[in-house]
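Got a structure for you, written out below as structure tokens; questions coming shortly.
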Amino acid sequence: MTDVPAVRIRNFCIIAHIDHGKSTLADRLLQATGTVDERQMKEQFLDNMDLERERGITIKLQAARMNYQAKDGQQYVLNLIDTPGHVDFSYEVSRSLAACEGALLVVDASQGVEAQTLANVYLALEHNLEIIPVLNKIDLPGAEPDRVVGEIEEIIGLDCSGAILASAKEGIGINEILEAVVERVPPPPNTVDQRLRALIFDSYYDIYRGVIVYFRVMDGTVKKGDRVYLMASEKEYEIDELGVLSPTQKPVNELHAGEVGYFGAAIKAVADARVGDTITLCNAKATEALPGYTEANPMVFCGMFPIDADQFEDLREALEKLRLNDAALQYEPETSSAMGFGFRCGFLGLLHMEIVQERLEREYDLDLIITAPSVVYKVITTKGEELYIDNPSHLPAPNDRERIEEPYVKVEMITPETYVGTLMELSQNRRGIFKDMKYLTQGRTTLTYEIPLAEVVTDFFDQMKSRSRGYASMEYHLIGYRENPLVKLDIMINGDPVDSLAMIVHRDKAYGMGRSMAEKLKELIPRHQFKVPIQASIGSKVIASEHIPALRKDVLAKCYGGDISRKKKLLQKQAKGKKRMKSVGTVDVPQEAFMAVLRLDQS
């Protein structure tokens, strides 16, 4: 099965914005080449996580090997590597691009180029991939292929004379796409006789076989039974299972340069088989590793605590298993006076955080409390030390810090010009600095802003979508740290600070934020037998306060008329009890209160 010469192998991926039809196109290619028969076919075949199907997005990378008889009569092997399209998952995209020589750029013929498509195209150009433009959904009544071709040529600078018009849903243009892949995507270089170097582009954990690694052989040959060495983690393993993904796993005995496959080697932890690592042979090690791998740095942090303290170990185990599949997830144990034991987790963005939370709850049956997301702040102390703080409760006291710097991102939005005003207003409300505005083609504009990441991670994306009725798209990347007058906003309930509700905010926004948090918590915290004060403070200065009135039992219900002193005695006894209760009683803060903090409308 693997005796195909490198000249007849094509490795390609599909780049597209969310909802431009990438997974459907992948389904059609699998059907057209007979890789999956009609009986097994289901929508979004390569999206094999329930969550992916439900949300209609691709999260984990998939790969599929297709055999294709081209018009020139030759038999070709096409390796399709599926890529996610959401802004949070750009690290997964860069790994899959490194394993390819070509890319299909899928653009919705009715919507045109979107911001995320642009970001991925630039990544593909950095990897020197041959890009084939495909205009999808041309069967829609609103499709305007000529306008979109103009957009691609103008915005990306690609020659679209060979653009393919297709409709994955109707199966139009599928054969043209396959032919274009054969003709235009360059074959992998024939480096079979060099020392083995292979790139890991994905891995997942199988409870029976350990970690299964997806890889692309760059140079040399790998055989079943070989002892391999992973260059970054410096571990050795023996390959006990080797195969290709077609798209289900089929064992083979060896794979040559240019081929894509998987192997199992009883690897216990995914941390030992890091994505982007280079595989080589123990007895003939490559001199240098493959270039281009960078550690994925989390941008957003939050605390995760099990509602039931007994589930702490289960949560640790679940996070370890998710980390297996998700190189970008980071976590470390933390304790909170309000919530007990839990973990501080780092994510690439908000969608990534939601997905991890949902997978923990769905796949591992955990009930979690998630604290408000925060970003990594840089604190310069009075002694001149640089500290990186991802948890507001670790912030040094005001007297010990010289200044606080926060991360800024460059946000590029592509939007119909009708919504430019409202998006500019949103960006300015989020402390954005206007940088640039370009008119692309008729009716579409790009806006460029520099905005603090803390303002983007809460609900900027949702706000942008709702203000533009879903038409605008955005892409962001980190541009560095800048100093701002930031303060730590503490929330005190019944006189005790709740560390999980603390946040770092801009001084100008602190009052409004404190007021709305106090009001929100007043609605959400259930009434207790005693009066509960809620205060928002900066340092020792209280800037907003509310209180929840006590529930009181009518102790006079059984007194009919009679002497006032009897009633007074009962009321004083009740007051004394309330006083004692207030000093020892604890206030339960429900999960909704933490979620409400996430959704505080800042716009």
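Using N, Cα and C of the backbone, Cβ positions are placed for all residues, glycine too.
Copying in the features that Swiss-Prot gives for the protein in this structure:
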type    : residues                                                                 : note
DOMAIN  : 7-189                                                                    : domain 'tr-type G'
BINDING : Asp19, His20, Gly21, Lys22, Ser23, Thr24, Asn136, Lys137, Ile138, Asp139 : GTP binding site
Mean pLDDT across the domain 'tr-type G' (7-189), rounded to an integer, is what?
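Summarising the domain 'tr-type G' (7-189) by its mean pLDDT gives 72.
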What's the number of neighbouring CB atoms sitting within 10 A of the CB on Ile138 (GTP binding site)?
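If we count other Cβ atoms within 10 Å of Ile138 (GTP binding site), we arrive at 20.
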Helix, strand or coil: which one is Ile138 (GTP binding site) in, per DSSP?
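Once the DSSP labels are grouped into three classes, Ile138 (GTP binding site) ends up as coil.
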